[in-house]
Amino acid sequence: MSEVEKTYCGFIAIVGRPNVGKSTLLNELLGQKISITSRKPQTTRHRIMGIHTEGPYQAIYVDTPGLHIEEKRAINRLMNRAASSSIGDVELVIFVVEGTNWTADDEMVVNKLRSLQCPVLLAINKVDNVTDKTKLLPHIQFLSQQMNFLDVVPISAEKGMNVDTIASIVRKHMPEADHHFPEDYITDRSQRFMASEIIREKLMRFLGEELPYSVTVEIEQFVPNERGGYNIHGLILVEREGQKKMVIGNKGSKIKTIGIEARQDMEQMFEAKVHLELWVKVKSGWADDERALRSLGYTDDLK
């Protein structure tokens, strides 16, 4: 009788302040894109699990919203609670910081991490953007004094530099356990959720600085069609009439571009043809209303 192969499985939280590259790191660790990215802070609003299975190892990464001090709006409070609760019951935390920058938000995150029982790996992202490399070593020494890190790894998530080192450390700290997900799973999120995230990413990419924090997307219809693809109806919610005009653009040009780009990404992700229709609606005060936020899928509970 042959011996049953041991399997290893663990949860790894990716945390840090907004806009340090957490989602880019997750996508690179998975080898494909499941978490939306942009150059704007607070792109990630929900916790997203990314699942990477390789042989006997299954790493379940939890990409969290950026932790930040500002909590004036209900959406910011929910994002902070979602990020904080993600680090409570994991095998390993990857704390992502940006180059030689250190802010009050970074300090707040490390204060939360000091009380954890699990090991914390520090990933210094965007080191390729540090122009004065002589500042890097002193900064690494400064960071190493903040708490007892498992290891400190300089990386460039965007270029894939040293991401394999992160993955290797993750494997070494996975407990022996059954896999939680089938080996072909890459995320715990539904196709409907991923469709809304793709549309939101395009909104952030093609619109101005102010709008992204006042916009969300609700998928009203996601149904298979007779051609083997999907009919998807997306409702874009904004807070003011002026924002609605901004999303639609001159003679509908902006929403058309957003729709084309989103449809292409959906077809690549779902491996099927997509018929996408988008509408824009004004819903005043949605980002300040916790009940409305929860109805739109914002939550501080792991799903």
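Just so it is clear, glycine is given a Cβ too, placed from its N, Cα and C backbone atoms.
Over in Swiss-Prot, the protein carries these features:
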- 16-23, 63-67, 125-128: GTP binding site (BINDING)
- 16-23: region 'G1' (REGION)
- 42-46: region 'G2' (REGION)
- 125-128: region 'G4' (REGION)
Candidates ASN19, THR64: member of the binding-site residues with the richest Cβ shell (10 Å): THR64
Set of same-chain residues at least 6 away whose C-beta sits under 8 angstroms from VAL127 (GTP binding site): GLY99, LEU136, PRO154, ILE155, SER156, MET161
